[in-house]
Amino acid sequence: MTDEHSLPPPERRTVLRAAGASLALAAAAGCDIGPEEFGHPLHARGHGVHAEALSYATVLELDGLGRGVLVRTRAGHAIKIEGNPAHPASLGATDVFLESAVLSLHDPTRSRRIRRAGRALREAAGLPGFLGERRAALAAQGGAGLRLLTGPVSSPTQRRLIGTLLVAFPEARWHVHAPLGDAGAAEGARRAFGQAVVPVHDLSRAACVLSLGADLLGPGPAQLRQARDWSAARAPGRAGHAPLPGLIVAESVSSLTGAKADRRLALPPAGIEALARAVATELGIAAAGAAPQHPEAPGIAAALRAAGPAALVAAGRGQSASVHALAHAMNATLGAIGTTVRLIDDPAGAAEAGDLAALAEAMARGAVTDLLVLDANPVLDAPAGLDFVGLLARVPHSVHAGLYPDETALACAWHLPLRHPLESWGDSLAFEGTAAIRQPATVPLVETALPAEEILAWTAGQSAAGEALVRETWRKAWGEASFEERWLAALEAGVVPDSAAPARDLRLSADFNPGPAAPAAEGLTALFMPDPHFWDGRFAPNAWLQELPRPLDKLAWGNAALIAPQDAMALLLGDGAAVELTLQGRSLRVPVVIAPGQAPGVVALPLGGGRRAVGGVAPALGFDAYRLRPAEAPWAAPGLVLRPTGEVLPLVSTAWHHPVASDPPPVRRVAPGEVIPPLPEPRSLYPDWSYPGQAWGMAIDLDACIGCNACSLACQAENNTPVVGPEETARGRAMHWLRVDRYQYGPAEAPRTDFQPVPCMHCEKAPCEVVCPVNATVHDHEGLNLMVYPRCIGTRTCSNNCPYKVRRFNWGDYARATGALPVRNPEVPARPRGVIEKCTYCQHRIAAARTAANQEGRAIRDGEVETACQRACPTRAISFGDINDPESAVSRARREGRHYALLGHLDTRPRTTYLARLVTPSEEPP
Amino acid sequence: MSMAADTRPVADVALQGRFGWRFALSVGAAAAGVLLLAYAVAALLLRGTILWGTNIPFVWGFDLINYTWWIGIANAASLFAVILVLRRHGLRTAVNRFAEAAALAAVAAAALYPILHLGRPWLFYWVLPYPATYQVWPQFRSTLVWDLWGIMSHVIVTSLFWYTGLIPDLATMRDRAAARGRMTTARLYGVFALGWRGSVQHWARHQAAYRLVAALVLPMLVSAQTIVALEFATTLVPDWHQARLPLHVVVTGIPSGLGIVLALAALLRVGLGLSRYIDDADMDLLAKLLASAALGCSYLYAEALLSAALEDPATRAATLARLFGAYGLLHWGGAVLIVLLPQLLWLKALRHRALAAILIGLGAAAGAWLDRFVLVAGGLLRDHLPRIGPLYAPTLPEWMLLLGTVGLFALLMLLFARLIPVVSMFETRHEESEAEVP
């Protein structure tokens, strides 16, 4: 008998290759289910979802808060994430983080080995023994010296297990480290209501919103819900039934919310506070303090007052406690609490947990003998000056459990690979408290990896598998009676029904005082902000998020400090100019990018770039702003010194290179009720096509589009679009089939910003079709402009003749390059070197719907075919369907007055058309 | 003195046993260029167009730039030869043969690019209307298909033209070689001489055929370059989509081809000692022709500005970007080289100086190359939507391709000079016999 067990485990790449090859085989064999041991996936559809028989409802977290998703799987492999329509923090939509989770799951650079002192071990040699020894030693001393460090935790099961652990080890302490935590928000709520409640904003009911640095439409745990609500509130206005709700934004750094604002004020942090005080004073809040009159305040206050309880004041992450307190006070004064604002207890709030500073203090004292770091990366994201690595060295026994062999993993004595959320059981609360149970959607891809719940349970002295742990939590909550039914129903729906956090009925404190006014800042202020794609840095290893150009600055692969155009002019800096930033004695050399619309005097530093240790993705790209971030001013730090070095650093940017001169502009703006005149009847020498069956078309509502990039990434995930890497992206060869163009018109100090997603237009008179010498791009019977990859010889003439420039070329063998396609949708072919590719309107989804309809002997229903981009869109800006059917959503959109074709004067007769952005008449015309 | 004695040095060149170290060196350099070409092509086939500096929107780079440039040289050189033949101009005896050879070598260099520029070059034959299993035909509305026919006709007709003119001289070579007792050489020339015996009937048919083929070349000259220009002009790219483009490409191509012919003539005079056959008067005519063609191009450059002023805003912005944008310097550099530099040839002293003629001739060709660069790359600076890709800049593998095709051109010309009479002997004899008639 041969000794099979002595064979070394296959390299990860080999496994992936083998897995990819086996997909087709597995599907053919009809074994489209995962092995028994990883749970009991219910092949149920999420509510409101059709033709997704292979989807599992589960939940993924951002900042510890859950967003419900449906995971589409093939043969036990998760291949695509879509939003769960039943989950209140998703409503069926996804953001870039959710879309990219499937890539992180399959990331070849994920941690797959236990490490000791940073070195990967072949086997778990010594670890069980070590852990058992430590547990016994700690139990003997009541847990004295044991500390647990986690990120923000909303999960009831994890909370329960941490509770058990703290009971078992009464002397142990739990610390929560949230690099993007907002201490100001909690303090502000305390000043207003005496308690650290969090506001849940209901933008669907808001008639007038004042954002004080709040990126309501930007990335975050509540983005999907808030964006949908914001768009829903505009729907009556779009139809002309009601006035459009107002959105007034005061912010220091341009954001997606600012781009959609009716009125946008670029103010430094101190200016935002001054404005908040002035508006509050206008609203009659005497305690707001005698702020100097602000010229905008009376108008803003009048607009808010006019909206009354339908007004909403939101203070953003990183604003001072005073601003948060004033926002609460204004909401209370306007009567908005109960209508547009619901106050709830923080779902991830943990009053019993200490913070990182307390832990650092204990570590410095030598009071910590054992540290368990669970899914947190303090070596990266602790404040500068804390020297967490040095502190770790004083802890004799440190264990880190994480998804990647990251900075903390390498600095700790032991590292355990953690299971990806898509591989393990768990649960999570949404930003507004709704619970959802997380079930594994795929086989565990890393066998050594453990779920966080099991690590906690084991530490607390229990030995149970993930599912049992979660069941136990919910059995306690629901009781024994009818538990199974409720459990199965919750798994099937992906949410626990009626579990939203109850509203707290709180009154503004009688002795309300927002706190002392912030001193005026001298010189430059460093503003730290979450990166739109790296977030706090945890997504930096994800190649999709690296390569996707950011919504506003259009940078990919790396990051840059953003400076105001006025400051850039004064300092004679251009894009890519290297500067040396010095803050409190710490320096960093960074490239700058001019950010139109940024408040002068503010230098924005996105966090999470320049990671020193993240597996495969070019680690040297960008800079690490955490190295400058002071503990006492984690969001806005005055006293920044900027010294130009005269050097230029290369940036990977997909921003356009010249001003837009076209008339009419690509993104049109109209007043409510305004009708865009149709183009004159086009004439052609060629006869028109006829479409007896379906004729597919897409309409994109630019009034609803917030430029969040979810569509672009959803398209990449769905269509096996390869990652080409920083060099190729810099060369202008990124492969995204759907790009989101950003237009900024007007003065750089106060630009008007528009977004426009541009997929293939599927033109009736497609210029690409006639120039292809080999008929590789052709028109189909339903109006799709098809690309026949095997026929393409790669002349690239079609791209030359495409006025929308939506065609992408495989300059190299991207799809087969290492790491380019770790996960593959088997329904979409990978394209070889030397051929053109482009948006297909998710033709495979059309085909699937047609098959389903044929089997049931009916026509395809409107809405049955959802393209990946359409499905991802948080504001439902994209409608897709049959334009032959006058009642389809897309036909209705095409009949609207603000319907227009991009570059319609070229008479390409695009099938993808746009609805113009609406602007209130008070705003200056575009 | 017999007529035969007159052309003996011409034939002797080809029949020499050794050619000297200079020739060997030149062949060596050209062969190295061809090796470079082979390397660049192999790298391209193995790794793909990823080696180039192209992107979206600049999907074409050196591939199309060099293609249009070589086609321009080929066209202008054969245009020149054809006009001489058809008009029975005295100059034809001197420069006809190598102008034709230059055209052929340039077409050979050009014809590589349409194949190499493909993403999957090994499938180039899909452009041909062959009976494929799936009955897929080429898209006949595509200018690229027109271009295939354009370049194929160009190759065929140019070779025919060159070969037809060569037949009587190949017979002479056969006889001369036989007289020297080199029977293998004689047989080889004899095969290609197609049994030419110099009968009156042969001569009559030859003259008719020669002039007929020459007349066939004529439309090719307009069509080939026009079709190349149509690859650009029929697109929706604002700067390219102009009716003036074919004229621009055809006309600016002429100085480049003439420049190459002039440079070659000067080289042959010096290198092979043929100043008696390519005399000062011939050089004068050739140089003045180049200078006048260059002067004609000035109209095109002025007209570009005029049409930019009259066009719709999108086209105007695009044209102005091409003329004054990122590649503006190349455009105006090209204009100087094409239009102004050849004007020096009006100076008699300069045009009789071999070095000056070579430099000015090559300069005009380089000018046309710059013009093609700015056409292909600069034309895409402004499109209907804002451009998002970075600028196009050629990479080392692209330069290797260009150098490689220059090497191929040079090698073909050197072999031509080695194996075939560089000056038409029968035409020279004919000229001189006519001159002897009182």
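Placement of Cβ uses the backbone N, Cα and C atoms for every residue, glycine included.
The transmembrane segment feature in TrEMBL is assigned to B:21-47 (among others). Same-chain residues lying 6 or more positions outside the transmembrane segment (B:21-47) and placing a CB less than 8 Å from one of its CB atoms are 112, 116, 121-122, 271, 397, 400-401, 403-408, 410-411, 414-415, 418.
According to TrEMBL, the transmembrane segment annotation covers B:67-86 (among others). Panel annotation: around the transmembrane segment (B:67-86), residues 92, 95-96, 99-100, 102-104, 106-107, 109-110, 113-114, 117, 151, 154, 158, 161, 165, 210-211, 214-215, 217-218, 220-221, 224-225, 228-229, 249-250, 252-258, 260-261, 289, 293, 365, 368-369, 372, 375-376, 405, 409 of the same chain, lying at least six beyond its termini, place a Cβ under 8 Å from a Cβ of the stretch.
Per TrEMBL, transmembrane segment is recorded for B:98-116 (among others).
The annotation transmembrane segment is assigned in TrEMBL to B:148-166 (among others).
Within the chain carrying the transmembrane segment (B:212-233), a Cβ under 8 angstroms from the stretch's Cβ atoms is held by residues 64, 67-68, 71-72, 74-75, 78-79, 81-82, 85-86, 143-144, 146-147, 150-151, 153-154, 157-158, 160-161, 164, 240-243, 245-246, 248-250, 253, 375-376, 379, all 6 or more beyond its ends. Marked as transmembrane segment by TrEMBL: B:212-233 (among others).
Per TrEMBL, the feature transmembrane segment maps to B:245-268 (among others).
Non-local neighbours of the transmembrane segment (B:289-309) in the same chain are 76, 80, 242, 244, 247-248, 251-252, 254-255, 258-259, 262, 315-316, 319-320, 323, 335, 338-343, 345-346, 360-361, 364; each lies 6+ residues outside the stretch with a CB under 8 Å from one of its CB atoms. Annotation comment: TrEMBL describes B:289-309 (among others) as transmembrane segment.
The feature transmembrane segment is assigned by TrEMBL to B:329-347 (among others).
TrEMBL lists B:354-379 (among others) with the feature transmembrane segment. Long-range contacts of the transmembrane segment (B:354-379) within the same chain: residues 58, 60-61, 64-66, 68-69, 72-73, 232, 237, 239-240, 245, 248-249, 252-253, 255-267, 269-270, 283, 287, 290, 294, 318, 321-322, 325-328, 330-331, 333-339, 341-342, 344-345, 391-392, each at least 6 residues beyond the stretch ends and with a Cβ under 8 Å from a Cβ of the stretch.
Proximity of distant same-chain residues to the transmembrane segment (B:399-420), defined by a Cβ-Cβ separation under 8 Å and at least 6 residues beyond the stretch ends, is recorded for 13-14, 19, 23, 26-27, 29-41, 44, 62-63, 66, 70, 97-98, 101-102, 104-106, 108-109, 112-113, 116, 166, 169-170, 173, 264, 268, 271-272. Taken from TrEMBL, the feature transmembrane segment applies to B:399-420 (among others).
Tertiary proximity for the transmembrane segment (B:245-268) is limited to same-chain residues at least six positions away from its ends with a CB under 8 Å from its CB atoms, namely 68-69, 71-80, 94-95, 98-99, 102-103, 106, 221-222, 225-226, 228-230, 232-233, 274, 278, 282-283, 286-287, 289-290, 293-294, 296-297, 300, 304, 338, 342, 354-355, 357-358, 360-365, 367-369, 371, 375, 413, 417, 422.
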